[in-house]
Amino acid sequence: MKSFPISLLILALATATAFAYDPSPLQDICVAINDPKSAVFVNGEFCKDPKQANADDFTFMGFRKPGNTANPLGSKVTPATVMEFPGLNTLGISMARIDFAPDGLNPPHTHPRGTEVLVVVEGTLLVGFVTSNQLNNTLFTKVLYKGDVFVFPIGLIHFQLNTGKTPALAFAALSSQNPGVITIANSVFGAKPPISVDVLTKAFQVDEKTVEYLQAQFWYDNN
């Protein structure tokens, strides 16, 4: 009988631990502030009075037209996150339309707050993701055809390349209303202010001219 209260206590502690966690952040940074009048953001978006909501709040028409792929990468991502589609607020989901020209690339990037499921609607895509250092940066890659589906785990670097000779189209669903996106090359070589050349030459084991050349490409594109 004496063991019963101990078992109950252990169960209670385990249950409390299971439910005692912080909600996932829905933006990159959120600095605490004591003055509520100066607060400009919360973990999510402020809500419209439900009595004033209408069907338009839950409708997004931004996927009707193809994205403009006339750019160096040959691809265009049209997002439907809470910023573009307010009805998604608090629902924990978002989408994107991805258009590809022949040889178009959605370059290596990550979504820090969301897992992505991608379905190919037209064309052929080479897709892949790379695991963390803990799993030896293993590459998982696959050629996808119309109707195929692939999942990219949350936070892992991934990409999509159109290997066909015709345009390709894919749609993605993500497990956050604001999954975020970090394009690796842009973040490393196009950071503002720039990351020190000393850091990048050592990290990538290349000379200063190579780093400065790469930084110039992304600073030119972003300015």
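Keep in mind that glycine also has a Cβ here, set from the backbone N, Cα and C atoms.
Residues annotated as signal peptide in TrEMBL: 1-20.
The disulfide bond annotation in TrEMBL covers Cys30-Cys47.
Per TrEMBL, the feature domain 'Cupin type-1' maps to 61-212.
The feature oxalate binding site is assigned by TrEMBL to Asn106, His111, Glu116. Taking Cβ-Cβ distances under 8 Å and a sequence gap of 6 or more within the same chain, the neighbours of Asn106 (oxalate binding site) are Leu73, Ser75, Val77, Ile98, Phe100, Phe159, Gln160, Leu161.
What TrEMBL records for His109, His111, Glu116, His158 is Mn(2+) binding site.
Each residue contributes its Cα atom, and for His158 (Mn(2+) binding site) and Glu116 (oxalate binding site) those atoms are 10 Å apart. When other Cβ atoms within 10 Å of the Cβ of His109 (Mn(2+) binding site) are tallied across all protein chains shown, the result is 19.
The Cβ of His158 (Mn(2+) binding site) has 23 other Cβ atoms within 10 Å, all protein chains considered. Residues Ala96, His109, Thr110, Leu118, Phe152, His158, Ala172, Leu174, Pro179, Val181 surround the recorded oxalate site, their Cβ atoms falling within 8 Å of the Cβ centroid of Asn106, His111, Glu116, which are themselves excluded.
Mean model confidence of the domain 'Cupin type-1' (61-212) amounts to 96 (pLDDT, 0 to 100 scale).
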